[in-house]
């Protein structure tokens, strides 16, 4: 359940998609790393909030309690701490595992790829954070997935909001994961979960509601900086100051048109400490409807300054900010699009088929194809001694091979090869 095989057409589409993402990561100067699929159980436990129950635990193998990695961020933090690295810009593309109830139609699987880009190191505020948002903007624009919005918030602003609304600190994280559901449920349901399940007072929930339904840009940041209650809270003030700085940098990058400062964005993970963001695809449902409908999150990330310290015996901290591209969701969308368009995707890259028109010419084909391979040319031939020419040309049509190199008795006698353009049927002797 929740896993799948990828036939050649899907694998080719995935390749195309991943290479677009990787070229963006490389354009921004990231180096690739890789880590094992297995981690020690204790490395993963207690890092994912309510989602810890989705970790795949393995049976005791030779005295080690292991689990399959749940994301690529915690292994990255462990890698930095183990190797005493305090400064790196890396990307990592690999499979992760979640014991989730699979909803394969929505692109939710138990085994799936993640594509992560992270900047670790002590830098001036918001410069790396702004670059992460620029990367999301570049990738989503490049893939032409349609309209999108990148929601941005800050954990410190959220914690400040909870504090001034009278939420005890012990309930910040549960309150956070409930607020995070605002994109899927109306405020009334979120409010009743806060009061009913998370034990918040109705008054606190109502006060939170006044804030978390706000979204906007620089104007909203300015307004909240003037807010009599929030401006008294040290955390919220810090967060808002940084948010203002972030928007200045995003303005210089020219991407604020797609960015929304959204106080309902919480992201359920425990390890975020500052800026958090999530990119959502929008779908124009009907022509006359102004309001765009969200199709779901296709990228997310944020700042996690405390995570590396958890793995360091001396507690040395390495500030980090990163982004994960939701490749499975994007893949599902592109797949549906390809099906709808009826376009046939080539699954191989063969440039030329070596063909013969008469019998007893296998030796000529083998010699020619060997020369082509040695010259680095992608070539194929049919595995029959005496295939009919029509069958060979048909194979080119079926698999999208553009050229056929034909050697018959005449060509051998003249020391040439006849090159045929499969689509136009033009031929030249070379």
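For all residues, glycine too, the Cβ spot is worked out from N, Cα and C.
Under the heading L-histidine binding site, TrEMBL lists 71, 72, 73, 98, 114, 118, 267, 271, 272. The domain 'Aminoacyl-transfer RNA synthetases class-II family profile' annotation in TrEMBL covers 1-357.
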Task: residue 114 (L-histidine binding site) CB neighbourhood, other CB atoms within 10 A - done: 19
Task: Among 71, 72, 73, 98, 114, 118, 267, 271, 272, the record's L-histidine binders - longest CA distance, Å - done: 22
Open item on the list: I need the most crowded of these binding-site residues: 71, 272. Count other C-beta atoms within 10 angstroms of each C-beta and give me the top one.
Closed with: 272
- [ ] Enumerate same-chain residues with a sequence separation of six or more from residue 73 (L-histidine binding site) and a Cβ-Cβ distance below 8 A; give 'none' if the list is empty.
- [x] 116, 118, 271, 304, 307, 322, 324
Task: Under 8 Å by Cβ from residue 267 (L-histidine binding site), same chain, sequence gap 6 or more - done: 176, 180, 276, 278, 300, 302
